[in-house]
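Notes follow once the structure below has been shown.
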Amino acid sequence: MKLHDLRPAEGSHRKRKRIGRGHGSGKVKTGGKGMMGQKARSGPGPYRTFEGGQNRLVKRMPFKRGFTNKFRVEYEVVNVGSLVDWPTELEVTPETLLARRLVRRKKMPVKILGDGELNQPLVIKAHKFSASARQKIEAAGGKAIDLTWIVERHSRSRGPNPSMRNARQS
């Protein structure tokens with residue numbers, strides 16, 4: 001067997017149909033594009049939201065401004081006024097607030113706000129305090145202690161940038 005004897009298997013290669021090249025081809029006149037109209041013409045079709053000339057839905061909806069911050073941190077909020085009946089010997093922590101059902105979710109940071117009055121000295125540990133809450137706690141003789149909160153971010157990354165894989169490392 002020599003190179004000039006090599007042939008593809010019988011029936012494995014079909015000739016491509018040349019459209020619009022005579023009646024024998026079976027694809028004459030409109031060339032498989034149907035009747036006339038925008039879809040029969042060359043070039044890209046109408047834009048994605050095109051509705052045949054009527055005012056499209058996208059234009060009829062109210063215009064949305066701004067953006068959604070994907071790094072936003074939501075807090076469980078507790079007002080100073082809800083700590084009035086709290087025993088002074090017990091520290092106020094996210095765990096004790098959860099046990100007394102003043103907060104619902106334990107995986108969220110806690111912020112203390114200054115709505116209401118506080119008349120006993122309390123040691124309050126939270127992730128964030130409003131300025132008025134801190135002022136009311138310290139005026140009552142208590143302490144406002146900040147806790148650190150480590151935010152769990154879910155990365156969409158699948159490892160290093162593939163375009164940088166073959167780059168020279170210096």
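Note that Cβ sites are derived from N, Cα and C of the backbone, with glycine treated the same way.
If you look up Swiss-Prot, you'll see 1-12 marked as compositional bias 'Basic and acidic residues'. The annotation compositional bias 'Basic residues' is assigned in Swiss-Prot to 13-26. Per Swiss-Prot, region 'Disordered' is recorded for 1-50.
Across the range of the compositional bias 'Basic and acidic residues' (1-12), the DSSP-based residue counts are 3 helix, 0 strand, 9 coil.
Note on the compositional bias 'Basic residues' (13-26): DSSP counts are 3 helix, 0 strand, 11 coil.
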